[in-house]
Structures are given as structure tokens and as C-alpha cells.
Amino acid sequence: MENPRWCLPALASLLLLLSLSLSPRAAAYLQERKNYIVHLRPRDGGGGGGSVEEWHRSFLPQAAAGPDSAADGGGDSPRIIYSYSEVFPGFAARLTDEEAEALRATDGCVRLYPEVFLPLATTRSPGFLGLHLGNEGFWSRSGFGRGVVIGILDTGILPSHPSFGDDGMQPPPKGWKGTCEFKAVARGGCNNKIIGARAFGSAAVNSTAPPVDDAGHGTHTASTAAGNFVENANIRGNADGTASGMAPHAHLAIYKVCTRSRCSIMDIIAGLDAAVRDGVDVLSFSIGAYSGTQFNYDPIAIAAFKAMERGIFVSCAAGNAGPEPGTVGNGAPWMLTVAAGTMDRAIRTNVKLGNGQEFHGESLFQPGNNSAADPVPLVYPGADGFDASRDCSVLRGSEVTGKVVLCESRGLNGRIEAGQTVAAYGGVGMIVMNRAAEGYTTFADAHVLPASHVSYDAGTKIISYLNSTGNATASIDFKGTVIGSYPSPTVTFFSSRGPSKASPGILKPDITGPGMNILAAWAPSDSHTEFSDGGADLSFFVESGTSMSTPHLSGIAALLKSLHPDWSPAAIKSAIMTTSDAVDRTGLPIKDEQYHHATFYAMGAGYANPALAFDPGLVYDLRADDYIPYLCGLGLGDDGVTEIAHRPIACGGVKAITEAELNYPSLVVSLLSQPITVNRTVTNVGKARSVYTAVVDMPKDVSVVVRPPMLRFTELKEKQSFTVTVRWAGEPNVAGAEGNLKWVSDDDYIVRSPLVIPGKGE
């Protein structure tokens, strides 16, 4: 056989000769094409000169700009992938490097974004949040979200799941423009609950029926936001109860923009574009985001601005990059940025040591016969003399067979895989201990053997016990579902922290919701290797992340929208933030994963309390135009602000404001030696005739003066303005300071705004 290497030089010469002799059109066909989002300047007058699609095609090279947008050479995929018409001025296209460079230099082109992929970021949570069935409660008064459409951008949905039945549901609202793409689905499809379902890009070719969920994530988030009532929901007997979403009678519109593992930015913008065109009221976005990117370089922030301008509430995940500071994503002030907290429910497994010590842990593995209750030898692969890894990724059978193995956590993932490794080498049980940064946050995982996930504090004590004896033993005692776990709520270790790098003068995240061990609807998937059958017998599953906390707040926003259809997205956000809880169920300040006082950069304004949010008394309102002075004050320039606002903006004709002066429900004041005064305006949405008094709760070394100290209202929707002057009462504190400004009325309204003075370096 001839040596193939001999042919390579000749082949290269032939290709070079061909490329020199081919026409420009044919040569371009041979070049590799890459996917881009093309950001354009808005058209003058908004639309003359043909359709949006024709305008977009005019930017392509002439050979690629035919009416069908087909690529050169014919027969292959279209060059224009999406023409965005609602939330983003531009299109997505396949371009060669030369074409991309030529397009960048074209008049009217702002920039090109190469395609990037973003990661994917309940029976108890309604009750824990104060939502209870009854004739007089806020839940029933809101109609359970009746008439509101929540758009879910995720991995699709399992339409046959009972959470998406339409019992008690009204028909879709008048003016709804969505479409349903379910095909060849054995059971289910669109109904009065799921009123729209579409799939985009690569997500459309990864399952037999495009919008069907083949990952489980989208089904989980959709049911958390708006799943209908399902009795006897549980996962193999754990967390049993009546499951529902936050807004069980809201409609769902599904936009499948993600595969099992990733989400293309092109598909995300296409989903946002379609959702706004279809007429959703709330957008729920449980997807990772750009962290620290200037807003005019962030396609999601740009698209969300247009959605907000259309009156659509946008709820986004803060991200799972905590507990490091400055990791929060989706930080634009026109979006609600949601952190993840715990609840008071634990699926408990207790670890008992041979010396009598006992530690609480969690696991979904709960055998009915309490099969691991007898003490067996306990080993730690991280100890001296072991030829293994402390996280149990590498083990030796002779060292773990017949024993309970202590494994260090691998972070957000890998705990189930550690158990599979332990079981494969003959271990009979596993204790997962947190790393120091993970503190007391523990996961209820579907382990394949008796297991318990314990805190870092418990883990260090277990190691001390191991070091104290040569005959260490342990047993695992299965306690099932426990209600009343404390402290609760707390902020999870993985929840991304502020400050926002893109706009540090705006407090982010905004709010915390339930995001830990959340039971919700599930679509069986072979990606869940802990189940030999993909979990085919499971209708519900437990997941954790800001992906789970976000749809809780999306559903709460839908309840408020149903009760107050005239409220703006900013008014709804204000109601959620100013009525949130800064204390836990025992009345003590909410704690973080270390059981330290949680900062506002960890939890936002606090933990959501929807039972109070429906009647907040006062709101801090904002319209789209109110963000323009803030954006000019960020120093983005005319072009940068124009790119976000979707219309020409000249900052020279705008009175720019600082971040602290935006009429936001929280205040961040970067205080040096000089006092700083900021303005705020509140709108009365409580009782027509009411009086509010300012109450300031700050450390003694901070002076805060509010003028006027009292606000008197005589009618609903009346606006009153006030100033807040902040100064150091003594020497500046390099650690900064936190506290609250409250407007308190005789009618029991308490309108609380966090007040943050960043420390040095924040």
C-alpha cells in the first residue's frame, strides 16, 4: 500500500492551485464558516426600505444574500440562521473569516459576537414561602397567576407530565401569538397550560420531538414556576406532598434553546425574540450568563432591555459560581437577579461514629430497612498510607471493601460518581464531607449506596475521630423527610455573589429564593447515570442551583402581574425586594453557608416573601427612559447607550446620573471622606391616605439623614420624593457597612431598602 504521507505535499499543492483558479464564490465555499451574531445599528425611522429579513441580507456578501439566504454552492444550510426582529437589532449568520472582517468594516455594523455557549445555571417551597390554599390568602386572591403567560427558556418540557395538565385553566389570553411544535408525542402536547412550544437551533435536532425535554432541567424549572397541582408528589417516598409551581394557573410558553449541556447564545436571543413577539408577560431564564461584561457587549442584557420596555418581567439566575465575590451574572438593573437559598426541609441521613458522636447529613438514598444502621469499619482515602484520592475518584478495592468511605466533596458535581466508584470497589457506604468553602450546604443526592452528605465542620470532626483510633467505625441512619431543619433559610455556597463587575453601584443579586434540594417535575433521561433505567419510574426529582431559585421568582412575579396588571416590571421587582425577609424563621439575621451573617452581596435584599409582596405599600418605579441617564453615567458613550436602548441616544443632551441615583429599591453608596446625597421617589400603591416615617438601621459609625423624614400621601399612585445623605460619623471603615432604610406606616407597612457602603476593594 502506498504511504499516505507521500501524498500530502502533492495534495496541498493541488488545493493551493485549485484555490488560485477558483472563482471568489467557489473559494469562499471551501473556507470554514463560523457562527456569529451580527449587531447592527437600528434603522433610521425604525423600518423603511423593505422587510427586516431583506435588510439583514443586505449585509451579507452578494453571493450569499439570495432571497432564501442559502449558502454559496447550494444545498447546504442557510447563511442567515436567525433574523431578530423584536429584542435585538441584528441577525445570526454563518460567515467565513474574510466575510466577518468585511462585515465588521461595513457601515451600520456595530460588532460581531462569535457564537458562545452558556451553561444551564416543588412540594415544600410554596408553603415555606407562605403560599397556602385557602379562600382569603394572597395565592387564591391572585387567581394562582390566572391569565399570565410565563416564557421558559430552557431544555424544553415533558408535556405529558401531570404538572402540565390544564385542569382549572382558562384558554390562552386574547392576542396570544405563540405556536406549538410538538410532533409525534405519544401523550400530551399543547393545551390550556402549555400554550406554546418551540425549539431553536441545535436544540431542535436533539430529540425526536423538538420542544420535548431530553435533559429534565426544563421540565423541572417550568413546573417550579407554574406547574399545576399534583397530589402525592415525591421521589421514592421522600419529600411527599402536593406539588405545584408558584403560579399553578399561569400559562406556560416553552422555548427550547438548550441541549443537555449547553445553550447557544444565538438560540437564546432567538428564543427571547420569539417570546416577546408571542406576547409573554414573564420571562424565566435559568441559564448562566456573562459575568462582568459591559452591558452594551452583552446580547442578553440588550435583549432583556427591549423586553422590559415592552412591559415584560425578566427573571434571571445569578449563577452558580459562588462563594467568590464579584461572580454574579445577569446583573443589568432591568432584570431581576436571583440568588439561591435553602428551606427548612431536609432528607436526612445521620452519621453515627464509634465514639458516640452523631452528625446530620442528607441523601435521597433512603432504604426502608435502614440497611446501614450497623457499625462497619470507616476509612478515609486522604489519610497517610492510602494509595487513593481524598475525593474518591481513585480507589483500591483492598482498602475500601466492606467499609464506609469518607470522601471529600468535588464541588457542585461529582458526588454521585464518587459513590459509584466506592460501590464498584466494594464499599458498603459513603460519607461526603464538604470542603471549607462549601460550609454547611449539603445536597440530597440520589446515591447508589447508603450515603450521607455532611458539612465541613462535621467532616473535620470525623477526620479527627479517624486520627484518634485505629479501629474507627461508622453507621448511617436513615431518617427520611424532616421539616423544621434550622437555621433556615440560608444562602448556599454556590450562589454567585456581588458586587456586579459591570455596574458595582447597583446591588446584585436582587433577591434570594428557594434553590436547594427542590422537588419538581422531571423528565427521565439517560444522562442521569445514577439510575440504570434513566429514572423511568420517576415523575419528580430533586435539583439544586440558581436555576431552581429563578423560576420561583418568575412564578411570584406572575402572581403579582395577575393581581396588578398595570404594574411595571420595576414596580413588581420593588414589591418583591422591599418586602423580603432579612431574618430567618427564628428572627435572627439570615446566614450564609458558613453560618455567618449573610451580606447583601450574597442574598440581595433578602429572602422572597410573596405573601407580603402583593401589598407592599410603596414601590420604587422605573420606566425604560429612566435608565438612559444611568447608562450615560456609566460612561458607555452615545454609541454604547444607543446599542442598549435600540434608538439613537446623545448623552450630551441627557443629565447623567450616578449608579446610586437610579431609582432602585436598594442603595449602594461609595463613601469616602465627603458625604453623599442621593434622591429616591416612591409611588403609593397601598392605602390612599397614609403616612410613612423613615427609620434607619445602620452601624453607629455611619450617619444617615433622610429628608423629609415623613411622607404623607392622600391618594393612590401619588409620588413623593426624598433625599438620603450618608456620611461617616467617625473614621471611615475600610470594611464598609450595611444596614437598612425603612419607611414604616401606622398601617403596618414596612418598605425596606438595603443600604450598602462597599468596603475597600469591593
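The backbone N, Cα and C atoms fix where each Cβ goes, glycine too.
Copied from TrEMBL, the annotated features are:
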{"type": "ACT_SITE", "residues": "ASP154", "note": "active site, charge relay system"}
{"type": "ACT_SITE", "residues": "HIS217", "note": "active site, charge relay system"}
{"type": "ACT_SITE", "residues": "SER547", "note": "active site, charge relay system"}
{"type": "DOMAIN", "residues": "35-120", "note": "domain 'Inhibitor I9'"}
{"type": "DOMAIN", "residues": "145-584", "note": "domain 'Peptidase S8/S53'"}
{"type": "DOMAIN", "residues": "377-462", "note": "domain 'PA'"}
{"type": "DOMAIN", "residues": "661-757", "note": "domain 'Subtilisin-like protease fibronectin type-III'"}
{"type": "SIGNAL", "residues": "1-28", "note": "signal peptide"}
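With DSSP classes pooled into helix, strand and coil, the tally for the domain 'Subtilisin-like protease fibronectin type-III' (661-757) is 1 helix, 56 strand, 40 coil. Within the domain 'PA' (377-462), the DSSP-based counts of helix, strand and coil residues read 24 helix, 17 strand, 45 coil. For SER547 (active site, charge relay system), the same-chain residues 6+ apart in sequence whose C-beta sits under 8 angstroms from its C-beta are LEU120, ALA121, HIS217, HIS220, THR221, SER286, ILE287, ALA317, ASN320, GLY515.
Over the domain 'Subtilisin-like protease fibronectin type-III' (661-757) the predicted model carries a mean pLDDT of 95. The Cβ of HIS217 (active site, charge relay system) has 27 other Cβ atoms within 10 Å, all protein chains considered. Take the CB of ASP154 (active site, charge relay system) and look out to 10 A: across all protein chains shown you find 28 other CB atoms.
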